[in-house]
Amino acid sequence: MKYLIVIVLIATYAIAIRFINRNINRLGKLKDTDPYRIKYIAKTLNIALTLLFLTLLTLLLGIHYSQLSVFLSSVFAVIGVAMFAQWSILSNITASLIIFFGFPYRVGDFIKIVDKDENISGIVDEITLFHVIIRRQGEIITYPNTLILQKPVIKLDGDTPSDTTISTQEKPAAEAAEKTQANG
């Protein structure tokens, strides 16, 4: 009976992987998402499903709970220390999943990120697993996924409005230069 349940679990795992990959590809094409990004989202979800499958498989194969709990607590302790040391990586991956499923802007959109210190605007060039790449007049801006979820983002019309491409530090200098040229 135990082996029949294991076979059903393996079949369910295979079907679930196929289902997830097919639906991620379908959703990515529907949202006109970069194939590179679709691949990474599918891999991330496949890894999570594989970890769940392996946990269930070890329980079904009769590994005693005490042995499994010692093993899993050791693994989670190591993972916990690694995640604490690299929490920003984990949060960027999580933000990447959220951006994939719910971010209202796409590659090619002209956006402005509302930030009090810096005026960040440009065309979304690429959305990766860890950051969004924004191109502005030859400059490449790499903006972390977690920050783009925390700040308001405005979709602008047009390609390069001249007012939004000058940073807040450059604006007073540009205005002073214009006044000097007008007076002199």
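We number each residue from 1, going along the chain as drawn.
Here the Cβ of each residue, glycine as well, is placed from N, Cα and C on the backbone.
Feature list (source: TrEMBL):
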- 161-170: compositional bias 'Polar residues' (COMPBIAS)
- 89-153: domain 'Mechanosensitive ion channel MscS' (DOMAIN)
- 160-184: region 'Disordered' (REGION)
- 40-63: transmembrane segment (TRANSMEM)
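Helix first, then strand, then coil: DSSP counts for the domain 'Mechanosensitive ion channel MscS' (89-153) stand at 20 helix, 25 strand, 20 coil. Over the domain 'Mechanosensitive ion channel MscS' (89-153), the average per-residue pLDDT in this prediction is 86.
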